[in-house]
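For reference, the structure is listed below as structure tokens.
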Amino acid sequence: MSHHYAQELQIALLAVQRATLLTKRVFHEKAKGTASKDDKSPVTIGDFGAQALIISALRHSFPGDEIVAEEEASALRENEGLRSQIWELVKTTKLNDTSAEEQLGGGIKDEAAMLDIIDEGKSKGGAKGRIWAIDPIDGTKGFLRGGQYAVCLGLMVDGDVKVGVLGCPNLPVDDSVSLDTKAGVDQSDEEGKGVLFGAVQGQGATSRPMSTGRLQGSKPIHMKRVEDITQATFCESVEAGHSSQDDAAKIAQKLGIAKPSVRMDSQAKYGSIARGAGDLYLRLPVRKDYQEKIWDHAAGDLIVREAGGVVTDVEGSRLDFSVGRTLAENKGVIAAPKAVHSQVLDAVKSVLAAK
Ligand SMILES: Nc1ncnc2c1ncn2[C@@H]1O[C@H](COP(=O)(O)OS(=O)(=O)O)[C@@H](OP(=O)(O)O)[C@H]1O
Ligand SMILES: [Mg+2]
Ligand SMILES: [Mg+2]
Ligand SMILES: [Mg+2]
């Protein structure tokens, strides 16, 4: 029997929306409670708090599911200051709609329960069963500088992404604002911004304005038809260490694209091309040994494909979410509208082969 995933989508959208209320509060506070992880990347009280709220919501509706999440609580168990800052936020962040808040099971009991909930994201992933992938803040560096970031949630069933949700608090609501325009690249946190993307496999992708309570009405989104590849807008990471900007420039040149890339943090790139605000997303490996994390791609991969795009690695293979917490079988990401993906991939292959 087919599964419609209506409840999964509803809970995922509400859970992401609630988590963005918390991240926005953190952004507006002067002290953002930042720590450094083992790999030297930053993590904030917003990352931990958002992860706690999302897992708590998933546990309420889907107690048997597994969860792969980016953060873990060990650093908090040793740091009372950080822990109590997070608890203060988690305890007091609620959707301002009683029914919506009830659907998420309300709040978390106490500080100890919060730590245990954060640690429920330790599944090894894999090819069997229902597994949620959570990135509580994707683009933590972007978040800290007031740029783009995304709260990301995907449901995989037997290794295949079935539901994807991205909350992008700093993207314009209007799907038609091109990344090439001033408003499109304006990466500020002013009022009236914020969009929620959603997709279910086989049912298309949507966007809706972010709200502080119940879900707003949604609109279907589609990738833009590229009439002339030389006019395409492509986006890539802000961090040169995450994606080779030199290789991207050579690929663009090969395709005859003269416009500079749009650099933005996080899976906001997937959401932006899915709604036609841009055309291509290139992520080109910098280090051979880096394995992409499933929570950095699960939701975006489905949203782009459901909007009429193709997402592959630099060799042309589909992203394989069935092999654990990382995309161990893939290198890089090439996302493009169906009609031009093979042309873009050819340019990618020829530039990488010439290295
Ligand atoms: N070496 C390397 N190569 C590729 N990717 C890496 C690498 N190191 C980290 N990461 C992951 O990149 C996530 C940030 O997303 P982006 O790279 O798209 O955005 S940006 O670099 O911040 O502009 C970022 O997600 P968050 O940690 O959630 O911010 C990382 O998981
Ligand atoms: Mg991180
Ligand atoms: Mg991330
Ligand atoms: Mg993150």
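Every residue gets a Cβ built from N, Cα and C, even glycine.
Whatever TrEMBL says is automated annotation, not expert-curated.
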Listed co-binder of Mg(2+) (same site as E70, D135, I137, D138, source TrEMBL) among D289, D296, D301: D296
Residues near the Mg(2+) site, E70, D135, I137, D138, D296 excluded, by Cβ within 8 Å of the Cβ center? D47, I134, P136, G139, T140, A150, C152, S266, Q267, K293, W295
Using DSSP, would you call D296 (Mg(2+) binding site) helix, strand or coil? helix
Around the Cβ of D296 (Mg(2+) binding site), how many other Cβ atoms lie within 10 Å? Please give the count over every shown protein chain. 24
Listed in sequence order, the residues of the same chain lying six or more positions from D135 (Mg(2+) binding site) whose CB sits under 8 Å from its CB are A69, E70, A150, V151, C152, L153, Q267, K293, W295, D296
